[in-house]
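What TrEMBL lists as transmembrane segment is A:28-48, A:69-89, A:109-133, A:153-173, A:205-223. Positions annotated as domain 'NarG-like' by TrEMBL: A:28-247. Annotation source TrEMBL lists heme b binding site at A:His78, A:His88, A:His210, A:His228.
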Amino acid sequence: MISVLAARVQGAAATAPHGGGQADVLDVLLWVALPYVAIAVFVIGHYWRYRYDKFGWTTRSSQLYEKRLLRIGSPLFHFGILIVLLGHVGGLVIPDTWTEAAGISEHAYHVAAVTLGTAAGFCTLTGLAILIYRRRTVGPVFSATTRNDKLMYAVLTLVIVLGLAATVAANLAGGGYDYRETVSPWFRSVFMLRPDPDLMADVPILFQLHALSAMLLFCIWPFTRLVHMLTAPVGYLTRPYIVYHSRDERLGARAPRRGWERLP
Amino acid sequence: MRVMAQMAMVMNLDKCIGCHTCSVTCKQAWTNRSGTEYVWFNNVETRPGQGYPRRYEDQEKWRGGWTLNRRGRLTLKGGGRLRKLLTIFANPKLPSLDDYYEPWTYDYDTLTNAPLQEHTPVARPKSLISGKDMKISWSANWDDDLGGSPGLEERDVVLGRVAEKVKLEFEKTFMFYLPRICEHCLNPSCAASCPSGAIYKRTEDGIVLVDQDRCRGWRMCITGCPYKKVYFNHRTGKAEKCTFCFPRVEVGLPTVCSETCVGRLRYIGLMLYDADKVLEAASTPDEKALYEAQLEVFLDPHDPVVIAAAEREGIPRDWIEAAQRSPVHALINTYRLALPLHPEYRTMPMVWYIPPLSPVVDVVRDTGHDAEDTGNLFAAIEALRIPVDYLAQLFTAGDPAPVDAVLRRLAAMRSYMRDINLGREPDEGIPAKVGMTGEQMYDMYRLLALAKYDERYVIPPAHAEQAHKLEELATECSLNYEGGPGMGGWGPFGESSGGASPIAVENFHMLRERQTADRSADPSDRRARINLLNWDGKGRPAGLFPPRRDEPGGPDDASPGGDPPAGAGTAETEPRP
């Protein structure tokens, strides 16, 4: 895979349409290398964290300290970000040819996406603002905030602000920006292992910054409290109410851990 | 029939003197850690009283336990699965710290370090949550011994249901103590409420535990438990609850609360039950029939059919024998003395109580009558409706008949045994009045009054082939390098990351650190963090007090480069003359 990737990168660099090799190297770094680094850190980081730090894998809820502001801010933020997430899946993963085939015109899609996205984005941002205000002003909550949390809040806020700014700015400036012709194909190309940095080269700067900050967020994600998202308890809907576990495995039911094998 | 074994407890409330030894020893063993300052796996409530957390029995407010829906099916009172997931971002029914209390310590340092002055220095209370000065206004047993006194009685949830009669007979006030631990229910609603499935019931002995590696801190269990016996560790962000001292029970030792009980009022033993009948029993339409329904779930360990079924289920022979000798089985089934706490929550609780006869006895004695005469006692049980109705609200969902029967049996035993103790001819008519023989009554008396350690606690050990894993041995921990999670440090992401080190290990390191350190402990170091019980007044731990206004970072500021405490004001800690 790496050799294929290297070949693609070289190819992309070599067949750059507009000279100026340095900018292309930067493009390749930002839109080919960085995404794979982010994906690798995200996946391996989560595996590693789950393997070695299950105890730290928690929401670290602070509801016990304060619940008045949390009751407004937290649902606002979480439901907002869930809609934003769905919007990103719709916008980035589903090609525009599919929606058109389904009879949704580009204009209709755009209007729906911008309206819903902006509304959800503002909900998210308002919720986040309430939560950060709460975190800073409520003494016990602030005491329970680690440096790790502060970094995570900073990056998360940056990503959301940039994303919302990109949408709002593009629509205020004129008919909006059709990211489904550039950003989305690039996003899919990364996952199809044929990354095409050229698609991202001429994207408006706010969209570029949003994508870059998101990759930064994915890099720190596994090492922050954001991990709780990956264990969203959807399994609760189907599991039996009462869980029974045996005290522990009987001898021989499971391969012993390394170093604890029985002597022959 | 699917036979399962359940480790259960019975407490004889007549013997409880409200000394709180069980609470204190339990706290020292399990919740003497930062993040669990307000957590009392075992607490003793004065009844009438509000309980801990305040008014936890008000299920119209807290929505704990189970209820029957319109079609008569058992559902969580707090709402079904979808509702739980939709309210997961801010649980609307979570008690706040105000409903428990804000834990505190005292500024003991001032007592030894204050400069010479006219007035004696005082140790001011400091909040363990915010680190600031605070006014203590409530605690886990703030209304201790105030049962039914004016101003408190109307806040007792149970008393509210019998209120009218109380107003008429209020001068006959009464009081008793109710020690509470987790009920280790047959149908635990905390486990059913847990979105992650981290709370589980052990198949071997029915102990309900929280898997600390799977808990994600969604907080639904706290709402789900109607007894409010699941607590949130605000440091680690995980739920914690009474463990029935499983490391001790597994090796045949009683729980810490039982072991240290001064009144020797606790009994531990096995109950065999039919797991297939639990749901049906918990769905009994009439709340008052739930006590009888739960009795139907239990199996007779002497019945050969039950023994054969138990053996098929893989219950070891010594466990079946222990179930036959179980004092809990005798008190619940044979003598019908013990009753479940709040069966109307439909969780099928497994810590049962022998209701106290003493309020009745006290009244009879105070009126100058013979308090050991069956006639007087029986008449009093009938006349004194408050104690009986109140106890019925606690133990039988309001049905006075079973409570009445238990109190009569206790009263009969009291009279019958007096004759024997005084060397008179025992009156066989007394046990006959409550449907017992003299021999049964004597056996009952033996179990209640004389039973020794090995009769009160019949705990079959877990099996030796599993021995290595039963105790919290450090030999399996791959992270026990110096400062690692296994040695009481944090994992790579700071506080609350890394493996959950065994509590025994954490306590050991904390105590050693404290005893050998030549300076005061630093709260940023978990091994030596100050909490409610362990601050010894050495130095000024960073983060515990606001900085002094006049000498920022002065000579006795022992903070080793830690961040200044959050929201630190400029409050003066020195007492004014």
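Backbone N, Cα and C atoms are what each Cβ position is placed from, and that goes for glycine too.
Mapped onto this structure are the features recorded in TrEMBL.
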| residue | record | Cβ contacts under 8 Å, 6 or more apart |
| --- | --- | --- |
| A:His78 | heme b binding site | A:Gly127 |
| A:His88 | heme b binding site | none |
| A:His210 | heme b binding site | A:Val159, A:Leu162, A:Gly163, A:Ala165, A:Ala166 |
| A:His228 | heme b binding site | A:Trp57, A:Thr58, A:Thr59 |
Sites among the binding-site residues A:His78, A:His88, A:His210, A:His228 close to chain B [C-beta, under 8 Å]:
A:His78, A:His228
Would you say the transmembrane segment (A:153-173) and the transmembrane segment (A:28-48) are touching, if the rule is that at least three C-beta pairs must lie under 8 angstroms and be 6 or more residues apart?
no
If you pair up every Cα among A:His78, A:His88, A:His210, A:His228, the residues annotated as binding heme b, what's the maximum separation in angstrom, rounded to an integer?
23
On the 0 to 100 pLDDT scale, where does the domain 'NarG-like' (A:28-247) sit on average?
92
